[in-house]
Structure formats: structure tokens, C-alpha cells
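As recorded in TrEMBL:
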type     : residues                                               : note
ACT_SITE : B:195                                                  : active site, proton donor
ACT_SITE : B:368                                                  : active site, proton acceptor
BINDING  : B:48, B:50, B:443                                      : Ca(2+) binding site
BINDING  : B:73, B:75, B:77, B:141, B:163                         : Zn(2+) 1 binding site
BINDING  : B:78, B:390                                            : Zn(2+) 2 binding site
BINDING  : B:232, B:233, B:234, B:364, B:365, B:366, B:367, B:368 : substrate binding site
DOMAIN   : B:20-215                                               : domain 'Metallo-beta-lactamase'
């Protein structure tokens, strides 16, 4: 590290102060690399929004400096924003084989596959990208082929863990690269950016094999069909289902689009070992005896249109769940989904199925390390500076406390917001100025064309509906030619509220006539008059505040 | 029990297959009694709905037979529907002193207090109500003065537990009436209706005193202000806060409307022991040294308008939270509220407060008994028949399993839906036919005037907004006199989407001109034509499906 005027900036553009849309930029002089390009699912109040991605204005402004996009793993909160990024910034994308396999499908959908350079990496690679040298290292997580990155910069080594746990007995036997981490740690690490998801959770996260034991027990006891729902990307768990199916002489049918896709990609790339003849078509489920069937399904979050939800409601085209079947929901609810999963469980019980779920038995383990694993990472890496990432504020804070407990100086821990720059120069770090950053809402094909005003209107519309008041005036004389007509949607049952709406009409008519007689002829005044009179009346009568949209036509 | 043609019907009108709006009717010949009249908070998809109450059509049809309303305790899911019930059916309401105290305020708001007969009961009473004799017995729960009822019927004794846990060391020292339950059990109980909320939870629910220990520890360590948020009705917990405040020389200020109300009622009725001078006005908070302050607050569910949420956002008029203050959130999230609480916690951490919450320390215990307590109830009562209540389907099912484990015959367990009748005649039970039952939605002043169509419209409006298309036609000639005008709300940012909306206007104009030229003059055809053309165009361009409302005016 020679003294100079250049500095290293680490800029999280997503994933801090929130769970989701992970993206971090590493900047040094004229070189930038980006780690991950995730999406986030909308909050409840973002009505009608499909997905949320980071604002990449800063990267677009500096697009000529960007030397590469490095992806840690194939979860949506790390790759889901990639197409939107690549539409603006065409740089090589580095990732492991499975990760790129999952990205390919996504880029194909967006017509970006042919124009994007995808470069497969392993933990043997040292990728030069401008001044940076990036070395992937293997981690354990709830999707195979996950890596973190060691980023060699002119200021020193930065370790970016990506999502991780330490699974000492991983299903695919691919251990985490403890030795590489230890070696970097011994050499000296400038900064660690580490996954904070489970920083509030004491102890160790269990090995994925624990779920395998529950799966085995359940398969041993089940007398009829087994339906197992889990995350489509948790191929370790899916592997354990196939292994159990083979052991207990069952065939596996796969339902749900993302489950089918992921299993196809994983089998093709060799990430899933399936014995010949084990996989059957869903059409065959009804032709085989129930004790020979496993159905692997999406819907472990109770998603409305998922295969499991449709099976539970008896609206799935191919697979029906019957009394005596065993349903395993191998997941824990993502915050916000609790009610949907509960409903699915209830429907399954009503059918007469035997339901195995997280609240009553161990059918899920987290993919993120708990406090002891986070401390192990800190002990291996021994960073001088620490930036907790991948977590809401309280998780980052808790993680910083853990770091201090393992010996990092309190003042060397940076709890940051998106857009913050942590700047390293001559071995010392400080907070820099903010770069443009934020949240971009995607609704259908629209990227960023829905914002606060639109969302506020949707919220208003969703609560009490809308009343449209239309009236046609004579341009020449200012008299009412037609109307006022009142049309409502989402307000009241029109048929049962005729009296209310008739009265509303009388009030609008009277207001209009009065204003016309008084020669009020500015449209805005007329509209305000209508809105005020109607709004007051409706609130008195119903205690509701529907949106009121007065429209004046002139002929 | 003499042989005769009459029978006892037990009819849950709410609270089974769901959590909330508890209500159960007991019917024998010409006599009916009702236990509880609760409300339920709306599901996410019930947009704009304020509360949900049971459909009481059956009770209204039989109102002359109803001899009384018996209330187990003062929680909203047991008393919140009472005003709506009493508006149709004026019968005496029986409850304990605190329960009636809480009901009074509610009835006053609805102008029902003067016309309703409120009768205070204790566990010494045997209330005659037609053929029924009702004896209250004391329970433990997260609100004081909770009772269950022993209902003596011509077919035998039915025990209706209400919400309960067995707290062997209750804060108010009022033990559950084990001996009464044991005595009825020894005599022979026909049926038990028991609380299923925690039937999935193994072991025992901890005593409320456990929370007192955490409160004490926190008070001992806190160096500045303490802000504690909990359920306003959990007066046991509130008592422990006052006791700790006195012990550690702190004054208590109360913020949040329901907290102020409940504490006033409880102090007035003697359910809360507060030393003179302990209670201070919120205005005084800033005048006293921080180490002498406790603020008791609502908002333990992260509710948007609550005192805690406002304090966390620094928008509370009187109390500010400062760095170094200790905030205790003494609750666990009700399913669906997880995100709101997390946000509040994050905001508090950002302020620099020390936040104590359930995920990291024991500041909450449930008010409902876990599996061992449910089995203790079953062992004490030894019912012949068992009807699990107060729970979603899976909880009822689990509870029935527990009952069978304690010796109830499998075929004597009835898992019922609302409106189901369990009929008892000559000591034998069977499922009868269904009575009218369901869900009534309340939006503002409207009771039942919002239903599926209105909700479907609100959902549609909330997702992609609305476009109103207005055109004025000449009645005589069928030509376009004015418009088409397109007004959108909740669809796109109008300013940034001018081109899209201009193009939409051209498409509607062209469609209209074509139809007018083709002499299409039925309004419905014109409207369908406009809607189809515009909908297709917008979906192609945006992949959104806003509601489209064509309005044709004729002059």
C-alpha cells in the first residue's frame, strides 16, 4: 500500500437497512466492480408494484469505469435486478456455474442473453478487473454453488461474504473455504462485509441434513402420497427429497413452474443426482399407487397462484390431495406471509391430509449463519474494518456488536445506509459523501413510472373506492346540459345504496346550480365546489372518504 | 336428564376456523343464551374494511328466545361486536366488574348505555336464564377479571372456558377456580368448549411474573428514560410496570388513547394499584430528569398512528425518544404485524435507543394456555364430548388430538365451523343442520354494505388504478360533441407518461369515430368498444390492467 491520492470507496446501493435488492459497488480511481444486482419484493403499501430494484443512477453515470458484475449466488435478491442493470450497463457477469445457469433463463426472457458475456468462475480463479483482483471462495447457503469474494484492492483485501452459513456437513459435501479465509485473515484483511440476516439469533444454524432426517422419518411413516413444498432454489433440500424417494421406493413428480425450471437446470448442470426412472410426469400421479408417489411442489409461502395452494383448494389441473396424504411444508414463513401459509395448512387439514410444518416439527433450517457462525467468520478473517450488510438496521447494529465482541474496534464498524460511501485511504477509513441511490418501483413494463403520488392514489382508491361526477355544460351559456351523473366503484353496493346515491346527486346538482347562478365559471372552482359538497355529505353519511373525481365537459 | 323431545344445540357463530369474533349460542327449546360478541380485524384482502363481526341473522330471527348475553372478558374479540348485537337484540349483559367497565365506554359511544341492562357477576353467582343456570368461574388470561362459564342445561353441564391459561403465580393473586372445575368434572360434564389458540405449542405458558422479572432487570440497568409499550388491556403487565417504577423511584406518564382509557377504568375500579404521585402528566416528562421517567405507551404492534410509532418517528407532540433511552416492546407480533413492529424497532435503534424486544429477550408471555394446560383443563373437567373453539382449523384439530390423548373418545370430538349445530339429546351428541352464519364487514358507518363486488373493485383499483374516459355525444346526430377525455388516477405519473396517454386518446377517438360511423349507438356497445381497445393498448404498452370506466354523456 503506497501513499497516494486515490482511495477505495465501498458503496452499498441496496441490501443495508433492508432485506433485499443487494448491490455493492467497489470504486478505486477509474475502476468499479459491482457485487450482486438483486431485487426486493414490494412492501404492503406499494400497491400494484411487482418488484423493487436499486436506483443505479450512480453506476450509469460512471458506466465506463465498470469492469465487471460479480454475482455471489442465484437467489432473486442477488440476481433479480440484473436484467435492469444490463439494459443500461453492458459488462461481463462473473458467477459460478449454477448461478450463471439460473441467470441465463432470466436474460433470455429479457433478450439480453446474446449480448451479455457470462464468465464461469470457481474458487481457483483470480479475476483481474481493473485494479481489482477478485477471488471467489465457497460458502454454504440454501442454494448450491454460493460464493463470497475476496477483493484485492490497492488499499488491501476486502472480504465480501455474500449470504452464508457454515454447514459442517453440507448435503453436497462442498465445504466452505475455511482455509482460504484463514489465510487471508492471517495475511491481514482491510475490511469485512458480512451477512447480517441472523445476527439476532443466538447459537448455530442447524445443518441442512437435519431437514433430511425429518424428511426420512416422514417418508418412513407415510402410508399414502407425500406432497412436499419448499423453495424451488433449495436444491440441497430437493436432493434430499429425491434421495429419500429412491430409498423408500417412491417416484417423484414435480409441479410448479419455478420448481420444474430449477430442477431441469440443476439436473442438466449436474447439481442434482436423480436415479433413472425416479422422475415421473405429473400426469402419471393418478396412475400409480399412492404409496409410490412424491409430489415436489412450489407454494411453501402460501403464494396465491402456486401449485400447493391450488392443490389445497382442489383447483390444480393434475394433482389432487386426498385424505390420508402427507403434506410437508418445508419452509418457514418470510415475514408477511404467515397468514397465507396458515390458510394453506388449514385447507390441507380440512381435506384430511396429515400436515407437517415448521411450527410443529423441524422441516426447515435457515440458509444464514447465526451469531456463533458470524463470530467464526469474524475470527477467521480478523478484519480491521467491519461493514455489516444484508440486513435491516437492527440486524446490522447487532452484527456490529458481535464484531466488537470478537475484537474489531468500535470506531472501525460502519453501519451504513444505501448510497453511503465508506472511503479507505492509506489504510484508514472514513464516511464519505452520499451518492445518488434509492428505490425504483417496477409495475408491469414500467420501470420507475410509479411513484409516491400514484401509490397514494392507489391507497386511497383501495380504502373507499372512487366516485366520478360528470357534468356537461354549455360553453356559450354556462348552463347544465347533461348530468350530473355519479358513477361509483369500490364505494358501496350500488343496488343497496340507491337512496344515498340519489341524495348525493341532488346535493351535487344543487351545488352546481347555485354556482352556475352565481356565475362561477372557472372549472377548478366548480370542481372544488362539487368535491367539497359531496365529500362532506358522504363522510357524514358513511364515515368514508372515497376519492371524488369531478369531470366537466363543455360543448 | 329426562327423556324428551327437546334438545340442546351448541352453535358457534364465530371463533371457530378463525381467530376472532367469538360468539356461541346455547339453545334449548324456547331459551337461548349467547356467550361473547366479538369482532375480528379485517384480512389483508378486505381493503378499506374497519372491522368484521359475526352474521347474527339466526339470533335476530330468534330474538324473543334470547335470555342473556354472557361475556367472558373484555378483549375486543369477545366484546367488540356487542354494540352491533345490542342494536338488534336488547337483552341483559352479564360480565365481571372490569369487563362491564370496559363495555360501558363502548356502549356509551354507540348511545346504548342507557338502554342496556348490565349485570355484574362473580364466581359466587348462579344466573338463571331460561332453562339454563350459568355459573362463572375464574380463569387466568392477559386481562384481569376473566371468567369461563359452567352452563347447567337440561342435558347436563357444559363448560365454556373462554380464553385461559393456568398461571400458578398470577400477578393479581387471583387463582383459577381449579376446585370448581374439579367438582364439575367429578359430577360429570356433558361437553367442554375450550380455547385452542396455543394448542400447537408444547409445554406450559410461562407466568406473567416472568415478564415482571425482565421489567425489573431492565429498570435496574436503564440509565435514562424508559419507554414501555404493551397491550393496553394487559393490566397485569401494566401493574408490574407501576410496581417497578415505584421500586426504582420513577414516575409514570401514560400516552396513547386506549392506554389512558384502560388505566383510568382499571384504577377507578381498583384493578390497578398506583401509589400517590407516581402518575404524572405527559407534559411533565421533559421537566424531570430522564432517570426518573417511565412512559407507558400503546403501539406494541407497530400500529401506524400509535403513540410509540409516533415517538419513534419523532412526530409525537409531547414525548421524544432520545439516544440512550431504553424502549421495551412488551408484546409478540400478532400474525401480519411483524413488519410494522420491525420498522418501529429499526427506527428506535436509529435514534440510538436501547431496544428490548421479544426476539432478543423475554418481554412477553402468551395469555393462552399451551398443550399441558389444555390437557390439565381436560383432566379436571373430564368431559364426555369435546368441542375445541377459539382457533383456526389446524389448532382445533390439534386440540382434539390432545383431548383424545387425555381420554375423550375420538368420535365425541366435534371440530365445527361457524353455523354448525352440535345437538345433544338424551345424553348423545350429533351434528345438526347449519344455521345462517357468516361474516359482516363494517366500513365506517356501513354495516354489511360492502361485499365481494365492492372489495373486488377496491382490489382492482389498488393494483393498477383507474382510467375514466368521458365523451359527450349529440343525441340527435350521434356525433362526438366533446372528448374523449381520459383522466387517470393511480395508473402512471401523468407528467412522465404524456405520450402514452396521448396515444391512448387517439385510440379511443379512432374507435369511437369508427363505431359512430358504423351507426353503433347502443351505449353498452360503445362502452365495451372503448374498454376493449384501451385495455388492449395499455396492456401491450405497460403490462398493466387498470380499471377502465367509459362514461358517455348525451346532450
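Yeah, the Cβs are placed from backbone N, Cα and C, and that goes for glycine too.
In sequence order there is nothing to list: of B:195, B:234, B:365, none of the recorded positions comes within a CB distance under 8 A of chain A.
In sequence order, the binding-site residues near residue B:390 (Zn(2+) 2 binding site) (Cα within 10 Å of its Cα) amount to none of B:232, B:234, B:367, B:443. When secondary structure is read from DSSP and collapsed to three states, residue B:78 (Zn(2+) 2 binding site) falls in the helix class. Of the recorded residues, residue B:365 (substrate binding site) and residue B:141 (Zn(2+) 1 binding site) place their C-alpha atoms 10 Å from one another.
Recorded residues residue B:48 (Ca(2+) binding site) and residue B:75 (Zn(2+) 1 binding site) have their alpha carbons 23 Å apart, per Cα-Cα distance. Annotation for the recorded positions B:50, B:77, B:163, B:195, B:443: lowest Cβ count within 10 Å of the residue's own Cβ, B:50. Of all the recorded positions listed (B:73, B:75, B:141, B:368), B:368 has the fewest other CB atoms within 10 A of its CB. The subset of binding-site residues (B:50, B:233, B:366, B:367, B:443) lying with their Cα within 10 Å of the Cα of residue B:163 (Zn(2+) 1 binding site) consists of B:367, given in sequence order.
When the binding-site residues B:233, B:234, B:366 are compared by the number of other C-beta atoms lying within 10 angstroms of their own C-beta, B:366 comes out lowest.
Packing around residue B:364 (substrate binding site) is summarised by its Cβ count: 25 other Cβ atoms lie within 10 angstroms of its Cβ, all protein chains included. DSSP assigns residue B:141 (Zn(2+) 1 binding site) to coil in the three-state reduction, placing it in neither a helix nor a strand. Cβ-based crowding with a 10 Å cutoff singles out B:390 as the top-ranked of the binding-site residues B:78, B:390. Cβ atoms within 8 Å of the centroid of the Cβ atoms of B:73, B:75, B:77, B:141, B:163 (the Zn(2+) 1 site) belong to the same-chain residues B:72, B:74, B:78, B:142, B:143, B:146, B:162, B:367, site residues excluded. Comment: substrate site residues B:232, B:233, B:234, B:364, B:365, B:366, B:367, B:368; largest CA to CA distance 17 Å, whole number. If you measure from the Cα atom of residue B:50 (Ca(2+) binding site) to that of residue B:234 (substrate binding site), you get 23 Å.
Note on residue B:367 (substrate binding site): other Cβ atoms within 10 Å of its Cβ, all shown chains, come to 26.
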